[in-house]
Amino acid sequence: MSSILSADDLNDFISPGAVCIKPIKVDKTTENAEIEIGAQGQALEVGIDGTQKELEPAQLSLSDCLACSGCITSAESVLVALQSHTQLLDELKKEAELPSGEKRIFVCSVSHQARASFAAAFGVSVEVADAKLHSLLLDTLGFDYVVGMGVGREISLIHSAQEVEKSTQKPVMAASCPGWVCYVEKTHPHVIPYLSSVKSPQQICGSLLKKVICDTRRVKPSQVYHVSVMPCFDKKLEASRDEFSVEEAGQEEKIRDVDCVITTKEVVQLLTEKDMSFGGLPEIDKSRLYTSVPETWPAERDWANHVGSSSGGYLHHVLTALRLRHDPLETRTRVDASMGKNQDVMEYSVIDTETGETVASAAQVYGFRNIQNLVRKLKPSRGKGKVVSARKSTKTVSAALNPSTYSYIEVMACPGGCINGGGQVGAPEGVAAREWKDETEKMYNSIPSEAVSEEVVDWATKVWGPHDEDKLVTAHYQEVEKVDQGLASTW
């Protein structure tokens, strides 16, 4: 387990179960035998005739976790270290030993939140942090390409707004947070129909990067190794979902769209293990900054920010689309905002100033404590297909929150949203968590913003093919069947 991953790093931590209940296949011997521990610490099966057989350790992958209902969200963080910076270093070490004709192409995508965290942690601008990160990835580690997450995010935002506009069921709930998605699939399957079917920027980026590189470099998906730098450990679980991978002839296992996810703080630990520091990294030449991207990749759109929350701006973009549909010139509507019992519950309403009518409304719900309140109000009432009505209250939004009235809800598992993810660089000693979150968010908001453009979607459609666009942008969710612990093997 990674030394930087602990319960202290997890927001709204949910304690893991005492044992993992994932059944493990055991090959039992037909003869009498005993288990002994060898001199080197290995487990040995010793037969009555004195013969010894070394036993293989039980192994558990992230994919196993996603298919098991034994634990949820935070508990799985005990296992996400299996996909970590050490895995990346191992892959780079293996690559260095290969002949030039057999080397893979390494590409890294970097989230906006991670860039802001680096800048806040080391007291530099986001542009300087980007220049140092480019230097680390391209010159020190030997990556071929470095891209931002802007292209994937623009596509995700546009399709999210289109989905809400077409939906006949309220609410549509953001599904870009894998911690939230796992929680729903394993404990509240009645919420699955409300989840947005649009992939996250990480996965859209992963699909497009492998497609573009394979087409322009004439290689197979297995010859491209894609790393994402993200603010959240649960993003490792998302990358491990079976649907986000492709089959390739000659390969025993499917090839993932995102091969490895490392968090912001894991990048810092990687540097420490290499006797380096982020502050000591040189800044890459400006001619290579933001331009070391695959051929045909729209670099000019890739590093820009978007208006809205530091969790990706989903609510802002969706609500703006709904407002423009009613009021194209934005001259006879206003947006009202109301805070709930805490800063992580917000309600936004588009009001027609001429009639006083509420044209559209949306909510922002962050943190598991608030999510649990939300989920309870989505439970079907007995004998009816409608959600449970919220209790009347004039005190706070959260007390009166009625999910069925919202067109869209931006849901994130971490209090404060993605900018405050468990994988971000932590607050310095003496700095309060809320103050540090605000400082990181200030860095995030300093990234220049651009309006979301359909041009990126048009480009992606040409690259991907118009008939297969569904595979590029659509995700699927399903209930994870509960395992009977009484029948499962424990170890």
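Backbone N, Cα and C atoms are what each Cβ position is placed from, and that goes for glycine too.
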Given that Swiss-Prot assigns Cys177, Cys414, Cys418 to the [4Fe-4S] cluster 2 site, pick the one from Cys108, Cys232, Cys260 that the record assigns to that site as well. Cys232
Tell me the Cβ neighbour count for Cys232 ([4Fe-4S] cluster 2 binding site), meaning other Cβ atoms within 10 Å of its Cβ, over all protein chains shown. 29
Cβ density check for Cys418 ([4Fe-4S] cluster 2 binding site), other Cβ within 10 Å (all protein chains) comes to 26
If the [4Fe-4S] cluster 2 site is taken as the center of the Cβ atoms of Cys177, Cys232, Cys414, Cys418, which further residues of that chain fall within 8 Å of it by their Cβ? Gly179, Pro231, Asp234, Lys235, Ser311, Met412, Ala413, Gly417, Asn420, Gly421, Gly422
